[in-house]
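*Asks:* The transmembrane segment feature in TrEMBL is assigned to A:6-27, A:34-55, A:61-79, A:91-116, A:136-158, A:191-212, A:224-248, A:260-281.
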Amino acid sequence: MQVFLQTLIGGVTFGAVYALVAMGFSIVYRTMGLVNFAHGSVVMIGAYAASTFYMASKLPFAVAIIVAIAVTALIGLVIERFLRPLENKDFTLMLIGTIGFGAVLEAGAVLVWGATGHAVPSPVATGPIDVAGIRIPTYSLMVIAVAAAATGLLALFLQRTKRGAAMQAVAMDHQAATAVGIHVGRSNAMAFAIGAGLAALAGSLIGPMLYVNPTMGGTLGIKGFAAAMLGGFGSMPGAIVGGLVFGLLDSFAAGNFQEYSELVTFLVFAVIVMVRPTGIFGEATVNRA
Amino acid sequence: MKRLMWLVPVVVAAWLLPYGLGGYAIHVVDVAIIFAILAVGLGLTMGVAGQINLAQVAFFGVGAYTVAILTTQAGLGFWTASVLALLAAVVFGVLVGIPALRMQSHYLGIVTLGLALAFTNWVTNAHIAGRAEGISDIPVPPMFGIDLSSGYLFYYVELIVFAVALAFALLVTRSPLGRRLRAMRDDDLAAGSLGAEIPLLRMTAFVLSGLYGGLAGILYAGLIRFVAPESFNIANMFLLLAMVIIGGRSSILGCVVGAVALALVREALLDASGFAQLGYGLVVVLVVVFAPKGLAGLPEQIRSLLRGRGSGSRAQLGPFQPYDTAPRATEEDVLQIRDVTMRFKGLVALDDVSLTVPAGQIRGIVGPNGSGKTTLFNVVSGFYSPSQGSVLLRGREVTGLAPYRLAQRRVARTFQNLRLFEDLSVRENLLLGLDRTRTWWIWRYPSVPWKVLGYERALRRRVEDLIGRFGLAEVADAEPRSLPYGIQRRIELARAMAMSPTLLLLDEPAAGLNGEEVRQLAEIVRSIRDSGVTVIIIEHNMGLVMSLCDQVTVLSNGKVIADGRPAEVAVHPDVVAAYLGDSMSAPTEATAEAAAEEAAR
């Protein structure tokens with residue numbers, strides 16, 4: 001039981017980060033139909049940016065995160081501008097184009113920060129809290145809280161503000177949105193910037209939990225996509241639930257199969273999506289008629 | 001034979017190449033050839049068949065690792081191990097491809113990528129695969145006393161394997177199988193309605209992928225004689241993708257050029273690998289945005305730029321040559337629809353519809369928008385499985401069969417919004433209808449390839465008759481999207497007739513046609529009926545329906561409200577009410593149609 005709960009907490013912590021990755025991915029996908037395979041690399045850049053500012057300039061961690069978000073949001077705008085001709089077009093080209101961007105970011109990270117990577121000290125100094133024999137790291141609590149707060153803010157933005165509503169409208173029908181006077185390009189750019197910002201947040205949070213290195217984006221990105229797919233592509237609640245489910249799957253696989261956890265995770269994932277390709281809150285179909 | 005003369009200098013150059021290269025250079029060339037084989041495999045699955053397969057590098061790994069494990073740990077000979085490795089790679093390909101039966105595009109991409117990661121995870125940790133250190137001392141492949149540890153001599157082995165692999169890939173793309181794969185890539189629903197067995201074709205694509213991956217893996221094991229996880233990681237998958245995209249994914253030769261070029265460039269930039277990766281990334285992004293068809297598509301792109309907008313004279317349709325009249329068929333019923341109900345999440349699109357169509361009839365189906373006409377066609381042609389009721393074709397139950405099975409039972413259809421394969425020429429569109437072979441016919445590709453070529457030639461002779469009959473000679477080599485709407489309608493009708501159907505379903509064939517074209521259409525449909533084909537036609541043009549149809553069925557709100565000779569039906573009070581209608585019901589019907597289409601998508 002104790003082991004189970006301990007694994008559960010680890011799973012929820014990683015799940016919260018996966019949910020942030022998946023949400024950033026989903027907001028771009030739903031507003032402009034772009035499957036952004038560079039998203040994982042943006043997460044990696046976010047992790048590097050936050051940890052570098054935090055360690056080199058002795059900024060408080062929160063400030064470092066905000067700087068990182070600003071940096072990656074800018075990168076997001078650049079990617080969006082480049083790939084605009086591909087939006088809502090041939091999927092294969094989008095896939096390759098964004099993978100290409102991912103490679104550029106990864107190579108850029110190697111050139112700037114070197115290939116080896118660095119460890120990030122935990123920004124929370126206090127020891128783990130002991131609840132009925134289960135040790136809950138304070139940093140985990142912070143990650144979960146920050147992720148929850150970000151989710152809440154995003155939901156408020158999408159549902160309560162005019163710009164958020166415009167973005168929802170573009171997601172549903174970009175032609176109709178143009179017809180009622182919404183600047184679709186600007187709305188898309190903003191969605192991309194928000195997506196990249198969420199990626200940076202996820203990257204900054206996961207930095208102290210993992211080793212920050214240029215290739216971390218690949219695995220994190222794929223796990224984020226898998227989470228989005230489990231929840232249902234393009235659905236925001238789906239991204240959250242999918243992220244948590246994937247985090248739990250990941251940590252229980254790690255607990256029971258040690259080094260083979262990745263193998264087990266992706267096999268289980270493949271079986272789940274075979275049974276239910278649309279995910280939990282997914283689009284009506286996968287094969288559009 | 002003359003057409004193959006250009007091959008001679010290529011072969012001679014390839015044969016003489018090693019004499020001009022140093023020991024390291026020949027090694028680089030050997031590696032490039034292996035990448036070229038991999039790229040051909042990826043081009044076949046992704047470019048030709050449209051299956052997003054991001055696990056190609058894992059198939060490569062399965063081939064190489066199987067050879068390594070079987071030779072070093074089971075003590076098998078290199079070539080025995082190779083045969084088993086090829087088998088293993090194909091089996092693995094099929095397993096990875098199974099998700100393709102349920103999902104496509106980015107879904108498939110993510111799942112295959114996940115499975116590729118699972119493979120890397122396994123080889124990095126399994127003892128049998130040598131964990132992170134990999135497996136060294138794979139034996140030198142024996143070859144009648146020729147020492148294959150020499151990169152020069154191994155080059156010739158690779159060259160022969162590559163030539164065979166390339167020839168096979170070209171055979172596949174330029175024959176019925178490749179045409180079907182491309183049709184499936186462009187529009188799998190339309191391909192299914194022409195009789196392409198979509199699930200089997202998708203698996204075929206993954207078998208090909210596994211085959212080429214495995215082949216490359218075996219050569220890799222024989223050349224390097226050492227395998228380690230990092231050779232099969234995601235970064236190499238990206239490199240492979242870059243090769244295929246830069247070369248041009250739907251052209252096999254383009255893939256080869258891309259692979260060889262990038263492999264050589266990578267070698268040249270080995271000292272600056274950080275900048276090199278930045279370079280590939282940028283080149284890939286630029287190619288995707290500015291030259292989506294890659295190097296292979298560049299000549300075409302430049303030509304169309306030079307030619308500019310002013311294209312020549314407008315294409316013209318030739319006259320239709322009527323079919324021979326067949327003797328009046330027996331009075332059996334071709335189609336029986338019994339109590340069919342179709343529900344979409346609470347919305348009833350068809351409500352207990354029954355109708356019977358006797359052989360040799362032209363049956364009209366009319367009704368206001370949203371009355372369920374196209375839904376009825378979708379049920380008959382297998383796109384929907386009805387919630388209740390049954391569909392009988394010549395007395396045999398066919399309810400819920402897949403579209404390709406109905407196509408094999410000679411049910412052909414056209415679509416309301418035209419579903420021509422846009423990237424295939426008009427002739428190829430027709431060839432797809434003409435080709436009635438089943439997917440299992442492809443056993444001929446490896447065993448008797450010349451028969452495949454013979455069959456293809458025979459098909460191409462037969463298609464000329466069809467082109468002539470439908471007056472399409474002038475447009476036969478054009479892409480459908482460049483043609484006027486009326487001609488596209490005619491092409492779709494010709495494609496359906498290429499299947500020599502016994503039951504032809506026409507969904508609003510006169511939509512968008514001018515008066516003269518409608519008159520020609522009526523003439524063609526009558527001739528088709530006289531040749532012994534039963535025709536069911538959905539149409540809003542009442543003049544056409546009245547003059548053409550032998551019997552008319554009227555649908556409204558998913559129910560049959562009238563059925564009879566055109567003149568009787570036209571004056572039926574319910575029909576008049578449904579068309580001119582009471583204003584209260586009209587908006588409901590419109591919403592019903594929108595909702596039905598939403599659910600169908």
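Backbone N, Cα and C define each Cβ position, glycine as well.
Because TrEMBL annotations are produced automatically, they should be read as predictions rather than curated entries.
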*Asks:* Among A:6-27, A:61-79, A:136-158, A:224-248, A:260-281, which stretch has the most Cβ pairs under 8 Å to the transmembrane segment (A:191-212)?
*Replies:* A:61-79
*Asks:* Do at least three CB pairs under 8 A connect the transmembrane segment (A:260-281) and the transmembrane segment (A:34-55), leaving out pairs fewer than 6 apart in sequence?
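*Replies:* Between the transmembrane segment (A:260-281) and the transmembrane segment (A:34-55), which are separate recorded stretches, there is no contact, as judged by 3 or more close Cβ pairs.
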*Asks:* With Cβ-Cβ distances below 8 Å as the criterion, list the same-chain residues six or more beyond the ends of the transmembrane segment (A:224-248) that contact it, or say none.
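*Replies:* Counting only partners 6 or more residues beyond its ends, the transmembrane segment (A:224-248) has Cβ contacts under 8 Å with 8, 11-27, 29-30, 37, 39-40, 43, 151, 154-155, 158, 171, 202, 265-266, 269, 272-273, 278-283.
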*Asks:* Are there residues at least six beyond either end of the transmembrane segment (A:6-27) with Cβ under 8 Å to its Cβ atoms? List them, or say none.
*Replies:* 36, 39-40, 42-43, 134-137, 140, 143-144, 147-148, 150-151, 154, 167, 191, 194-199, 201-202, 205-206, 209, 220-221, 223-225, 227-228, 231, 233-236, 238-240, 242-252, 254-255
